C-alpha cells in the first residue's frame with residue numbers, strides 16, 4: 001500500500017524509454033508564439049503582461065549588472081511554474097518532484113552566481129566568509145561555518161522544492177483515497193473529506209506557484225550578493 005502512494009513519483013517510461021523529457025518540454029507548448037502583428041489576441045496579450053510582471057518582480061532587487069540574467073531567470077520561473085501546475089492534473093507526472101532534476105537546475109545556476117562574484121569582485125566575495133570584527137580565536141570556526149552554509153545553498157534549493165511538492169501530492173492522494181473509500185459506508189464523512197480535498201487542491205495550486213517564485217527569487221538574491 002505504501003509503495004502505491006510513491007509510484008506516482010517514479011519516472012514513466014514507454015518501451016524502456018523514459019518520458020521525463022517529454023514532460024519537461026510539454027510546458028513550452030502551452031506558451032503562444034509571438035508574431036509581428038500590431039494587434040494580437042487576448043492570450044498573447046495576457047502572456048506578455050504576465051511575463052513582464054514576473055521579470056519586473058525578479059529584477060527589482062538586482063542592480064543593472066544583474067539585468068543580464070533576466071532571460072534565464074524569467075525562463076526558469078515560467079518553466080517551474082507551468083511544470084508544478086501541470087503536475088496537479090490527474091494522471092500526470094511532475095518532473096519537479098525529482099530531487100535529481102531540481103539539483104540539476106540549482107547547482108549550475110548557483111555555481112554561475114558564485115563564479116561571477118569570484119571573477120568580478122574576488123575580495124568582496126571571499127569577505128563574506130568572515131564577518132567584520134570577528135575575534136581571532138573564532139576565525140577558523142566561522143570560516144568553516146560560512147563555507148558550509150555557502151555550499152549547502154543549492155542543496156537547500158533542490159530539497160525545498162522537492163519536499164513541498166512531494167508532500168502536497170501525497171496529501172492529495174491520501175485524502176482522495178479516503179474519500180473514495182468512505183463513499184459507500186459513510187457518505188457524510190465522505191463529503192467532508194471531499195471538501196477538505198477541494199481546499200487542499202487550492203492550497204497546492206498556491207504552493208506550486210509560491211515554490212517556483214521562491215526558487216528563482218533566492219537565485220536572484222544569491223546573484224545580487226555577487227555583483
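Just so it is clear, glycine is given a Cβ too, placed from its N, Cα and C backbone atoms.
Unlike curated entries, TrEMBL annotations are predicted automatically.
Given the structure is predicted, the values throughout are model-derived calculations rather than measurements.
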TrEMBL feature transmembrane segment, matched against 47-64, 101-118, maps to 101-118
Checking 69-89, 170-189, 195-223 against the transmembrane segment (101-118) for Cβ pairs under 8 Å, the most are found for 195-223
